[in-house]
């Protein structure tokens, strides 16, 4: 027997291992190809529609600001301050009813609940065309806030049944981006609609009628288009449906009493919530008042709607760039602080510049960083929270929309057209957010160092016991690891 004939026998064990490894690599390659193919089908047939629906969610939320440039409150017998009250009520009900609406969405199913609530807020948007008086203004805005509240959490839960967690992050970024894009699209759309000369309806009435009607139309499309889930997705093959159902195994660990108590007592969560509220004041306020602020820079009422587009586009571009960099570098805190710093620089320019052109340029810089903190904070908390507590933690963080109430109270008509006092106060919130987020990151570093010291003094058995023990003093399971991501 030759040496060459003996080698396979002498190395038989290694050869088998090599074959197994090759087989595992082949299986992994097949899995990646199947995942990419399935994701592509979902990206083409499902994601664009949901993104479009969220765009109209933002349009119907902020179009009242565009309407105000055409004398909306004066025409319906209200004072300009009634607009601020109505906007505050919108955000108050939006925050209050978000968890309840999301719960109904989970019970009824996103396929039904998303089109239903969209149709309802579309009807209320159309109803604004014919309202008169303060009571009807407050009622319609209140109801729009109530119906819009459940869309975002229901849509995200729906997408989570199609994508794995590490495939979902980029898709979530598209949703957050629509918040800024809605401002741009709303300004451009309003500018076009306001060019229409109607013999009976005023320009702002046409705005509500057209945008609300399109919302109702899209709700009807969604009712027909959206599948109940991946197992009934008409745009997937039978093999792809089985693959999605197999790969997406939703965790349903349930919230224990321990999880609830730990979450409520976690000072870090409440601290970052305050930071998130401060940082979100500009983005939520300007979702409504951007056209009015732009109008105060020397533009006519009609021009203000068109000129609100570039700052909003800058906001969307800044969000996408910061989100991409944050995911790529796997870091959250410094990215949030950098974005807030950019906002601070821009807002300082807005309140100190002498010329309207310089103020407008500074406004673009300001909004480039204003939309970043909210999505990155949600991603930061999600990555630092165990699965059993994640829903509760993100639900509490959703109260960051209280910033909309604050912004609505700041930009009152008495400060028009320059809005210097509201802008100075907004500057204060931005500074507080920057300091708060930086200190939050340093606090997490200190906690990580403290945990490392505790781990170093414990055995593996003690650490394992502590992850399941009611005390959980030193090494709480945070995203199944001991340290917080920064």
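Start at 1 and count along the chain as shown; that gives each residue its number.
Each Cβ is built from the backbone N, Cα and C atoms, and glycine gets one as well.
TrEMBL annotations: computationally assigned, not manually curated.
The shown structure was predicted, so the numbers you read here are calculated from the model rather than taken from an experiment.
Here TrEMBL gives region 'Disordered' for one range in the set 1-22, 23-44: that range is 1-22.
Pairs of Cβ atoms less than 8 Å apart link the transmembrane segment (423-443) most often to 392-411, out of 89-108, 138-160, 306-324, 392-411. Sequence-distant residue pairs (6 or more apart) of the transmembrane segment (113-132) and the transmembrane segment (336-354) include fewer than 3 whose Cβ atoms are under 8 Å, leaving the two stretches without contact. Of the ranges 41-59, 89-108, 172-194, 360-380, 392-411, the one with the most Cβ pairs under 8 Å to the transmembrane segment (206-226) is 41-59.
Each residue in the domain 'Major facilitator superfamily (MFS) profile' (46-451) has a pLDDT score, and their mean in this model is 89.
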